[in-house]
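Q: Please see the structure below; I have some questions.
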Amino acid sequence: LTVVLRDSLTFHPGLRLKHGFQQRSAFRRPAKKTDAKRVEEEVVPSHTEASEAWTTKRAVDPPQIIKIPKTPPRNFGRLVKPLVFTVGFTGCTFAAAAIWQYESLKSRVQSYFDELRADWMEKLRPQKQGDFRKEINQWWNSLSEGQRTVTGIIAANVVVYCCWRVPALQRTMLRYFTSDPSASKAVCSSMLLSTFSHYSLLHLAANMYVLWSFSSSAVSMLGPEQFLAVYLSAGVVSTMASYVAKTASGRFGPSLGASGAIMTVLAAVCTKMPEAKLAIIFLPMFTFTAGNALKAIVAMDAAGVVLGWRFFDHAAHLGGALFGIWYIMFGHELIWKNRDSLVRVWHNLRTRGPGGGTLTIMVLV
């Protein structure tokens, strides 16, 4: 494998010629010279490998040529299925996030007195020294809401990274956890799974550090439910942008990484708070505004797409950044603010069914 890491990494499996032509011992003996005018027969093998020389006595037929498979044609029809998946997955993700927010609010209201009773019982119960579970709870409670939200995402990325280290899983990982529009199988499911996939430890660490750094601002701005909907949708949308760029340029190859989704989070925060000060981790003395940083990132990825740079999947980065900008400027009003009818339908179904309570006030922000 020739590995070229994108921030959704891109690598191209090398072509291998299979020895489908096996040499056979099918030579014919030359005829005896019974007639002076008779031409001596040629001795030519019926089949030969591409690397073997052709053996003849008089004349040699033109050698057979093994054709290397050409790059898949630029067929934009193959993008219809991924496009439908992108639209459908994005809609279902935001619908699920709206229902989750409703259930979370209802659960908080109904469990308020249960939590008070649990706190009262905890005070009466003798305290255990060195309780590992209590230490974990204290650490968890010390995290911000944004950090608690992305902890599951980081854990999933680490698990997938460990799966890449298992030789027996290499073929499965390559099929389902890398995205490629020319792939005949898993072309849609890999659009999501590849956003949790990293082959390099450095790539994983860099992406997760950026996600952890921007998680508090993003979740405080969007809320945990809306944040997860944006993040998961961004992974699919950025992969779709990569599919379009690869099909248009004819440069196909597997891609993987969470960079497209992380670029959406970064772009959303920078768009919402353009005057915030940012700095590079290795150069903390140099600061710049979030708005200028976003402009530089978009310009660099746009240049990468136009000039055909292939070290990173610049199309996925650019698609993720543009999706983040669009969502803050228009998408929040268009999608999240118009979820009231869906939540109302769900509320009516929940209150009519078993376990329905008396909660009739819905607070949607």
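Note: Cβ is positioned from N, Cα and C throughout, glycine not excepted.
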Q: Among 156-175, 196-215, indicate the range for which TrEMBL gives the feature transmembrane segment.
A: 196-215
Q: For the record in TrEMBL, which of the ranges 26-56, 57-87 is the region 'Disordered' one?
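A: Among 26-56, 57-87, the range TrEMBL annotates as region 'Disordered' is 26-56.
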Q: Tell me the residue counts in helix, strand and coil for the domain 'Peptidase S54 rhomboid' (191-330), as DSSP assigns them.
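A: Breakdown, helix to coil: 103 helix, 13 strand, 24 coil.
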Q: Tally Cβ pairs under 8 Å between the transmembrane segment (83-102) and each listed stretch (196-215, 278-298, 318-336), then give the stretch with the top tally.
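A: The stretch I would name here is 318-336.
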Q: Given a Cβ distance threshold of under 8 angstroms, which distant residues of the chain, six or more beyond its ends, lie next to the transmembrane segment (318-336)?
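A: Tertiary neighbours of the transmembrane segment (318-336) are 94, 98, 226, 230, 233-234, 237-238, 240-242, 259-268, 271-272, 294, 297-298, 301-302, 304-305.
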